[in-house]
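Record features, source TrEMBL:
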- 26-422: domain 'Ammonium transporter AmtB-like' (DOMAIN)
- 445-466: region 'Disordered' (REGION)
- 59-78: transmembrane segment (TRANSMEM)
- 90-110: transmembrane segment (TRANSMEM)
- 122-143: transmembrane segment (TRANSMEM)
- 164-190: transmembrane segment (TRANSMEM)
- 216-236: transmembrane segment (TRANSMEM)
- 248-268: transmembrane segment (TRANSMEM)
- 301-321: transmembrane segment (TRANSMEM)
- 342-360: transmembrane segment (TRANSMEM)
- 399-422: transmembrane segment (TRANSMEM)
Amino acid sequence: SRMPVPPSTHPRRLLPLFLGLFQGALLLFFSLFVTYDEPSAQAQDTNLVANQVYSTFPFFQDIQVMLVVGLGLLLTFLPRYGFSALTHNFLLLNFSMQWALVLQGLLHHFHHGQIHLDLHKLLISEFAAVTVLISVGAILGRASPCQLLVMATCEIPIYLASEWVIVTCLGVLDVGGTITIHVFSCYFGLGVSKALFRATQQPLHPKETPTPRSDLMSLVGTLILWVFWPSFVAVLCQPGDAQHRAILNTLLAMSASAVTTVVASSLLEKDGKLSPGHLQNGSLAGGVTIGVVADMTMPPVAALALGSLSAVVCVLGFRFLTPLLGRKLTLHDQCGIHNLHGLPGILGAAASVLAVLVASKDTSGSHSSQLSPVGGNASEVVEGQWGGRGAGGQALCQAAGLAVAVGASLLAGLLTGAALRLPRLARPPERLCFDDSLYFKIQDQAESPGTDSGAEEGALALKEQV
């Protein structure tokens, strides 16, 4: 047998080099351009700032728990990829948030050579990072950390541009990020997946099938996301009535989606048993759908109906649409992001069009609260006027926002996916996908002596290359 070729050290050093240069550049940028707001001399202003911090920070902490713990655990359904799923999710959140902070600061908050940092700007950057964490779900396990970081580098500026067009130019109402975050990130991820894997049908990998233990961990992640989701939807609403309404609507929608998921999953299985994958995703679909209409004036029954409908759409997507797209379009969607974020997101956008049109016939008063959109550019909707456009015009804007989110993200995703095919980015070979030992020192494996040292050396040489 031939001796394994000594592997190149380039790919192994690429990740620390990339992250080290990035953090170093950020240190320099912050030292030159970033500062905190000067403390106000007036006691009244000080109290106002304190109230804003105390009202926002609990929401912010909830969102941190959602993204770091909830979403991280949700991705651990791959039995031998738990370390990687949790750690890469955590790394991408921090990387993307800092990158978004820089870009947001330069684009929107650069005054007199300085960017004044506050909690709200950090929150907006966190929302931008969410898009990356969702998109990665399409290629989870089959991409290297370097590929994921390049994907994040490309996605954040495209998201910021798309969000600016949707919220600022079109005036779309989307306080919970249904269109701007969920729909955008879903189709960006699918575009990346399509371009990265091209027309090859991805066969079922032996390490891809969840085990009861990995599914249980993932379900714990779902429960954490389910508990904290109202904070994600309501954090950018105007404090008071709008925020209260958004929290109530989200709770109702998510409760309905949890119950309906059990109904739909049980009916679709021949023996009436529940699918863990359906539970992990369908229970959250109501939160995705309700975001765009959460603070609009609508009866509580509408929130329940949307939650139930979103769960049905999500479960049907897993059962029928994902296999169909895999066969017909050779589209690989590892986490089923199309079923949890894409389809419920489109349903939510359609509901917002309907809500605007129905509200225009309601003579009782306001149709929507004043909003602080996801982009942080405060825009007020004149009561009964939809910003001077009329209900028909606003409904058209909602539909146009959806079209922009889908079109821009798909195109950008395809281009990004093509860039990720660069051999330097160390995509793992098929036989080593979905395996933590590629990226982590796994203690029990290191201590147990191998039976076939020759095969082990060959595998190690291959690992070194990636």
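Yeah, the Cβs are placed from backbone N, Cα and C, and that goes for glycine too.
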Applying the under-8 angstroms CB criterion, which one of 90-110, 122-143, 248-268 scores highest with the transmembrane segment (59-78)?
122-143
Honestly, do the transmembrane segment (342-360) and the transmembrane segment (248-268) touch, with at least three Cβ pairs under 8 Å and pairs 6 or more apart in sequence?
no
Is the count of Cβ pairs under 8 Å between the transmembrane segment (248-268) and the transmembrane segment (216-236), pairs 6 or more apart in sequence, 3 or more?
yes
Who are the long-range neighbours of the transmembrane segment (399-422) in its own chain, taking Cβ under 8 Å and residues 6 or more past its ends?
135, 143, 147, 150-151, 154-155, 158, 161-162, 165-166, 170, 172, 174, 179-180, 183-196, 346, 349, 353
